[in-house]
C-alpha cells in the first residue's frame, strides 16, 4: 500500500476503502464527497472512531456486527497501512479508513447527523501547556462532533490521562448531556475492547478512564 500521490500533487481522493485527506491543502471544497450510501453500498448506521492507531479496536467492532458501518480516522500513514492490512486479513467490508486530520475531515466532509456514535480512543493528551492548542477536545471541534451526531447519538472518550479526561469533560458539558452520573466517568477494568494503546498503558500499570455524552433533542 502506497500513498496515491506525491506531496506536490496531493489532493483528496478515495482508493481501496481509504479516503486520503492531505494536510496543508487549500482546495478541499473542490472534492465531491460521495454519499455514505455510495461508500458503504448500504443504508446502515455509521459509527466513527478517532485516533484509530493500528486498528485493533475498530476492526474488532466492525467484525462484531456487519450491519453497522465504521469509519476509522488516523492521521499517520504507517498506522493507516496497518489498519488496511487488517481489513484485508479479516475480510472486513463495513469499514472506511480516513487518512488525515480528524478536524479537517469533519469540517469539510461530514454532513449533519451522520453518526450514531463517535469514539475517541486514547488521543494525544499534549500535556505541556504550550501544546494544549493541539488537543482534540476544544470547543470548536466538540461542536463539530456534536453537529455530526444524530439525536440520541453518543460521544465516547477513552484515555489514560486523568487531567485530559477532566478537561475534555468540562468542554463536553457545554454542548452535550452526560451519559454517566457525576463525576461523569468510570474506571474501565476490562471488556472495553483491545487496542495497542490500551494494552500499552495497562502494561505500565496505568488506569483507563471512559466518559460518555449524549446529543439530546434540541441540541
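The backbone N, Cα and C atoms fix where each Cβ goes, glycine too.
The record from Swiss-Prot ties 74, 101, 124 to S-adenosyl-L-methionine, and of the options 38, 49 it ties 49 to that site too.
Around residue 74 (S-adenosyl-L-methionine binding site), the C-beta neighbours below 8 angstroms that are at least 6 residues distant in the chain are 51, 52, 53, 55, 80, 83, 97, 98, 99. Figure note: comparing Cβ neighbours within 10 Å for the recorded positions 101, 124, 160, the maximum is reached by 160. Within 10 Å of the C-beta of residue 49 (S-adenosyl-L-methionine binding site) we count 27 further C-beta atoms, all protein chains included.
Put simply, 160 is the one of the binding-site residues 49, 101, 160 whose Cα lies nearest to the Cα of residue 124 (active site). Residue 49 (S-adenosyl-L-methionine binding site) is 17 Å away from residue 160 (substrate binding site) when you measure Cα to Cα.
Shown in sequence order, 50, 51, 52, 53, 73, 75, 76, 102, 123, 136 are the same-chain residues outside 49, 74, 101, 124 whose Cβ sits within 8 Å of the Cβ centre of the S-adenosyl-L-methionine site.
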